[in-house]
Amino acid sequence: MNYTTQHIADITNAQIIGDNNLIIRNIAFDSRIIYSTKNTAFIAINTHKNSGEKFIESAIDRGITAIISEHQYPQFENITWIIVENSVEFLQKLAKYHFENSHLKSIGITGSNGKTILKEWLYQSLWNEFPTVKSPKSFNSQIGLPLSLLQINDSHQLGIFEVGISKPNEMQKLEDIFHPQIGLLTHIGTAHAANFESEEELINEKIKLFKNSEVIIYNGDNLLVDKKIKQLYSSKKLISYGFKENNQVFIKNNISKDENIIVKYFDEEISFPAHQRDEATLTNALALLTVLKELGIENHKIVEKINALKSVEMRLEAIEGIKNNIVINDSFNLDLDSLKTALQFLNEYNKPKKSLVLTDIVGVNSNSQELYEEVSELVNEQKFDSVFLIGNEISKFSDLFNSQTSTFINTRELIESKHLTEIENQIILLKGARKFEIEKLKDILELRKHDTVLEINLNAILHNINYHKSLLKPSTKMMAMVKANAYGLGSYEISEFLQHHHIDYLGVAFVDEGVELRKKGITVPIIVMNPEQHSYETVIQYNLEPEIYSFRVLELFYEAVQKSGYDKKYPIHIKLETGMHRLGFKDFELNQLSEILSDKNLKIQSIFSHLSSSDMPTEREFTLHQLETFEKNSSYLIEKLGYTPIRHILNSSGITSYTHHEYDMVRIGIGMLGESPNSEIQKQLHPVVSFKTVISQISQVENGESVGYSRRYKTDHSTKIATIPVGYADGIPRLIGNQVGNVGINKTLAPIVGSICMDMMMINVDNIPNVREGDTVTVFNAKPSLKEFAEYCKTITYEVLTSISPRVKRIYIKD
Ligand SMILES: *Cc1c(COP(=O)(O)O)cnc(C)c1O
């Protein structure tokens, strides 16, 4: 977009306070990920759940000078205010105007599953054919769609936008803002069906998006969809695709055979090799192919484009680097849009120094001077310490970059220069087009090299936290338990991510754990559950908050506070014993406790207790008794204190099973990692951790031969045996060897055979077709699930996670 503030006001009936002639090109809605302040207005979006106005200050701190808001805050000086009646309606009005006055061809994608992946695939296939704009991430809602549309500018010829609804009557509103020429309907499933009476109602709502479309491309496997579309839109051009042969576009041959996929497209046949052959992936490929045909792309190019998708992983990885660096690897494609996303991602980290490796942008038809001017503007705003440019094109424009900039013909030249390996204590972004193979840089910068990794999906953690939050009152605070290295997953990385997402409290077990977080820049309040008695000085020095569970600890800690010269009331947390019999004050101690506390310079920040059996339906009565004791004893103490500290008792399964006892805060642990003892809740959570490795070797072991130490397994027929490089030193208990446990390959279980060795184990892969050396093996989470794996080990998921050895590389991913 490109409007003056006055023009925006005219379109939307807003009121300007300040400069009427400011040019606005971007609207930022999240103050944390503002990647550019130039010509950018920050919009404070108010929804019924949240007010964006509390982030105005941080947007201004970042350098924003134009604010769109329902209220003006005169304390901020030199700000131009666009005052609107309703922030969401403002966005929608502006987006509608903007879309209707743009001249691009538009594709609107809706459906239950596959919208985001299809949008990304289409974008990857089309951005080098036409200047293309798309929705970022999965921005598809009443707010996300308008924000996406506002990215359209004059140069764009094609727009690909996702449209998502979850309730009746929402599509009407979205269609009023956005009416795509090409409508694409993906699979309709039950994902959002909850708010609809019937499948038919859901379908009717979704297809309203196509009211003004010229072409509708839809998944016709669902016969009701097929019928409805044909009924309602018989006058439009309709193309159906899917697995069933009633579709105009379908797969002709048997997909389980190891041969090219042959697609029947009306009377034509188009064939391509496919690596991933699950139904969902192939259905998406059919949709992609159909849209590309519709846009007039030639068959050989379509096949090329589909092949290029093969290794697509739509995510940025953050990797622990050598010399205390963090390496963000985004080395599979490069365009302006993904550069912006990567810069946003970078801004979520708190490292003061940063460097960038950037390559030529390849395959674009537009003017390169203009393109690299835009690139350098984006990059210059980030104030990188050093910028390394790879490629002849971008190198020509090195003068445009303000940082210390060096240029290289190719990736090898940069490696040989050794510049990168000198960097210390920085965040390094690797951003390049695929052909430059800058992932080679990742190999050099990465701290540990191992085929075995523990992958941690941070978005899934956020989803799981939000799911638990959705059960609670909006005002209830949340503490995330990151003790024991966040259940083995990495307490800093997870705390940093949660801090960014406004977690209220963090909980650790010991002081050292809290100190590590503080040293690395975590500033949210941290409670220490078991502060050891020689650590109180450190507690105070690092602004940690101790759990106080006995008179002895109270006296010792208070002494330390006095000695430290701390002159305000120091925050502490009082633990009550309610039935766990671990730590805490008992009911007969409360009177004395209140007296001691009354003349001490301490602030009781919270009163809490812990449930011993909230995960056990059979102990409901006991748990209710614990809750009752807590209510009684905490109320008694509060009355004596004369003020009201916050109260909390629920852990993850407490949140789901005893929600009404949420008090002022809850403490989530295993639930944010995607595990619940309740199978209904489990379905709502997303898996967070997966432990993976690869096959080192496959051997055919003849009948009667033995495998591994002590010859504990002997084959009873000629058997295919694979060796994988994880053993008991990685945290796999030796007791699950010899056919107790399984690992997963291609979604099939393979039993562990023979004794587990220190660094390796052997598995029977007889039942796994096409298995090859180098194939990925899932130790847990997917198949087998973490829960199943814990069952092999005869323990609980908590112990499995905390047992994974530190030598296993942790990788953090965000979509
Ligand atoms: C570990 C812990 C939790 C979190 O328990 P989950 O079952 O993982 O949710 C909550 N409170 C206390 C005191 C804890 O030690």
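From the backbone N, Cα and C atoms, a Cβ is placed for every residue, glycine too.
As given in TrEMBL:
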- Lys483: active site, proton acceptor (ACT_SITE)
- Tyr709: active site, proton acceptor (ACT_SITE)
- Arg582, Met758: substrate binding site (BINDING)
- 688-813: domain 'Alanine racemase C-terminal' (DOMAIN)
- Lys483: N6-(pyridoxal phosphate)lysine (MOD_RES)
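Comparing the recorded positions Lys483, Arg582 on other C-beta atoms within 10 angstroms of each C-beta gives the minimum for Arg582. Rounded to the nearest whole angstrom, the C-alpha distance between Met758 (substrate binding site) and Lys483 (active site, proton acceptor) is 27. Between the C-alpha atoms of Tyr709 (active site, proton acceptor) and Lys483 (active site, proton acceptor), the distance comes to 37 Å. A gap of 17 Å separates the Cα atoms of Arg582 (substrate binding site) and Lys483 (active site, proton acceptor).
Taking DSSP states H, G and I as helix and E and B as strand, the domain 'Alanine racemase C-terminal' (688-813) has 23 helix, 45 strand, 58 coil.
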